[in-house]
Amino acid sequence: MPNAAGRFGRLGWLWLSVLVLVIDQVSKLHFESSLSMYQQIVVIPDYFSWTLAYNTGAAFSFLADGSGWQRWLFALIAIAVSAVLVVWLKRLGRNETWLAIALALVLGGALGNLYDRIALGHVIDFILVHWQNRWYFPAFNFADSAITVGAVMLALDMFKSKKTGEAVHD
C-alpha cells in the first residue's frame with residue numbers, strides 16, 4: 001500500500017499557494033481601503049510607489065477595453081491552468097522541491113487574481129515601478145509577483161543538469 005507522500009505527490013506545497021493567496025488578498029484589501037484610484041504614495045523617489053489601479057484585462061491590461069466577456073475568458077483560463085498545476089504538483093517526485101515551489105507560487109498567484117476577477121470583475125493592482133516621471137511599468141500586485149517568480153523558477157528548471165535522464169531539482 002503506498003504511503004500518503006507517494007499517493008499525494010507534492011500537494012503538501014499547497015500551503016505555499018494558500019499563503020500567496022492570503023498575502024495577495026490582504027494586501028489588495030489594504031491598498032484598496034487606503035488609496036483612491038491612481039493616487040500614488042512614493043516609497044522610493046523616482047523608482048517605486050504604491051498606487052491603486054483596476055485591471056479588467058490580463059497582463060499589461062491586454063484586452064482591458066473589452067465589453068466584459070474577457071473577465072470570464074481569463075477566469076476560465078485561470079481555472080484550467082490551476083487544475084493543471086494541481087495535477088502536476090500531485091505527480092511530482094520527492095526530489096522535485098524546486099519545481100514544487102515554482103508550481104505552488106504560480107498557483108497561488110493565479111488563484112489570487114482569479115478571485116478578484118470573479119468577485120470584483122477586475123484585478124486590483126497596487127505596485128508601481130517607474131523611473132522618474134518618464135517611464136512607468138504597468139502596475140501589478142503580489143499575485144503577479146508570485147506568478148513571475150514561479151515562472152522564472154520553471155524556466156531555470158529547464159536548464160538544470162540532468163543525471164540518468166532525470167532533471168535534478170533540489
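Heads up, the Cβ atoms here are built off N, Cα and C, so glycines get one too.
A strand conformation is recorded for Asp125 (active site) in the three-state DSSP classification. Its Cβ placed at the centre, Asp125 (active site) has 23 other Cβ atoms within 10 Å. Residues or ranges marked as active site by Swiss-Prot: Asp125 (among others).
Annotated active site per Swiss-Prot: Asp144 (among others), in sequence order, evidence recorded as sequence analysis. Following the DSSP three-state reduction, the secondary structure of Asp144 (active site) is helix.
Sequence-remote contacts of a segment are chain residues at least 6 beyond its ends whose Cβ falls under 8 Å from one of its Cβ atoms, and for the transmembrane segment (11-31) they are 5, 50, 52, 86, 89-90, 100-101, 103-105, 107-109, 111-113, 115-116, 124, 126, 141-143, 146. Annotation source Swiss-Prot lists transmembrane segment at 11-31 (among others), citing sequence analysis.
Feature annotation from Swiss-Prot assigns transmembrane segment to 41-61 (among others); the stated evidence is sequence analysis.
Marked as transmembrane segment by Swiss-Prot: 69-89 (among others). Sequence-distant contacts of the transmembrane segment (69-89) (same chain, six or more residues past either end, CB-CB distance under 8 Å): 9-11, 13-14, 56-58, 63, 100, 103-104, 106-107, 110-111, 113-114, 117-118, 121-122.
Residues or ranges marked as transmembrane segment by Swiss-Prot: 95-115 (among others). Non-local neighbours of the transmembrane segment (95-115) in the same chain are 10, 13-14, 16-21, 24-25, 28, 75, 78-79, 81-82, 85-86, 88-89, 123, 141-147, 149-151, 153-154, 157, 160, 167-170; each lies 6+ residues outside the stretch with a CB under 8 Å from one of its CB atoms.
Per Swiss-Prot, the feature transmembrane segment maps to 136-156 (among others). Long-range Cβ contacts of the transmembrane segment (136-156) within its own chain (Cβ-Cβ under 8 Å, at least 6 residues beyond either end) map to 20-21, 23-24, 27-28, 51, 53, 55, 59-61, 98-99, 101-113, 123-130.
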Cα-Cα distance linking Asp144 (active site) and Asp125 (active site), given in Å to the nearest integer: 9
